[in-house]
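Take a look at the structure below.
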There are 2 protein chains.
Amino acid sequence: MTAGTAATDTRSRLLDTALRLFSEHGVEGTSLQMIADELGVTKAAVYYHFKTKDEITEAVAAPAVQELGQIAEEARKKRSRGAQIDQALTGFVELIVRQRLLLGLYNRDPGMQRVVNRTLQAPHGEDVKTGMKTVLAGEDPSLADAITVHVVFTGLAMAGGAPEYAGIDDDTLREHLLDAGRRLLGRPRPKRPSHGG
Amino acid sequence: MTAGTAATDTRSRLLDTALRLFSEHGVEGTSLQMIADELGVTKAAVYYHFKTKDEITEAVAAPAVQELGQIAEEARKKRSRGAQIDQALTGFVELIVRQRLLLGLYNRDPGMQRVVNRTLQAPHGEDVKTGMKTVLAGEDPSLADAITVHVVFTGLAMAGGAPEYAGIDDDTLREHLLDAGRRLLGRPRPKRPSHGG
């Protein structure tokens with residue numbers, strides 16, 4: 001392993017550890033020292049990557065926001081409006097399922113909300129939100145469609161991050177969230193893909 | 001006006017004023033002095049009704065929680081499951097529309113979240129949540145139904161309290177939220193009531 005990949009590895013372990021500690025103690029209740037202790041490194045090693053807890057919190061949330069932008073971009077490449085909506089919904093639900101811990105934290109932790117909302121209110125974050133809304137509701141949507149998309153966004157994210165569903169396996173949660181999203185958006189269930197090879 | 005109704009009137013004006021100031025400055029950024037100044041009374045007059053800002057915050061949110069409980073109770077009296085669901089959904093949406101300012105505050109303000117979540121986690125609050133969930137999803141619901149109801153609850157409340165829809169009139173917002181709720185819960189749109197009578 002080169003020094004470069006070791007540093008990348010530490011950074012990624014640091015973010016995983018930070019998210020876990022944030023989930024247990026809240027962002028407010030977690031210190032850089034606690035993160036260092038949990039990783040078994042010195043506080044200086046943490047400082048090498050991040051100067052403040054705020055920077056760590058931002059780095060924990062950033063990949064999810066970035067991915068949301070990519071999902072919208074991918075979905076826009078589909079030809080029909082229906083396929084765009086299906087692709088965006090599937091990608092969004094996949095992101096929710098994979099980022100359940102982060103979502104649960106965002107739904108209840110003021111420290112995480114402050115950082116994520118700041119990210120979403122920055123120009124890039126606004127673009128991401130607008131991109132997802134546009135691909136789901138269309139350009140210049142009716143009020144009815146805009147509100148429906150708002151319900152999809154917030155309802156699926158809140159349900160996916162809810163502590164009472166933390167024990168559900170990914171496949172089951174994904175299926176139920178997709179069902180709810182399709183009903184709201186008026187999309188049919190896809191035909192079961194054949195696995196005949 | 002008797003002294004009793006004057007006190008009730010002051011209390012009710014105090015809560016209206018507090019909600020408005022909370023919405024403008026956040027719960028954290030609002031002081032008892034600001035509330036007194038806005039009402040044109042002394043701080044002692046505020047103290048006559050509430051000892052702390054926490055008590056005011058609780059009193060601002062309490063009627064909505066109580067009403068949620070009444071909605072579930074009323075809905076349970078209906079004979080058919082369909083009528084129970086329709087009644088609970090209609091009541092819930094009505095509450096959202098009427099309490100938009102409070103909901104918007106709850107959706108973004110950590111101070112209001114702390115107080116409302118504490119109320120909802122107390123035994124009475126748990127009863128209210130369980131009552132609404134049971135009337136919408138049924139006794140011993142499937143996971144799919146439980147998740148759907150979670151999406152309805154959170155999605156409609158978030159959309160109803162969203163600042164971007166603050167300018168929409170009550171009737172329009174009500175109609176769109178009801179539509180989204182009905183699609184999620186698989187309920188038909190009611191026949192338009194005749195106004196011939």
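Backbone N, Cα and C define each Cβ position, glycine as well.
The annotation DNA-binding region is assigned in TrEMBL to A:31-50. Positions annotated as domain 'HTH tetR-type' by TrEMBL: A:8-68.
For the domain 'HTH tetR-type' (A:8-68), residue counts in helix, strand and coil come to 49 helix, 0 strand, 12 coil, using DSSP.
Averaged across the domain 'HTH tetR-type' (A:8-68), pLDDT in this predicted model comes to 94.
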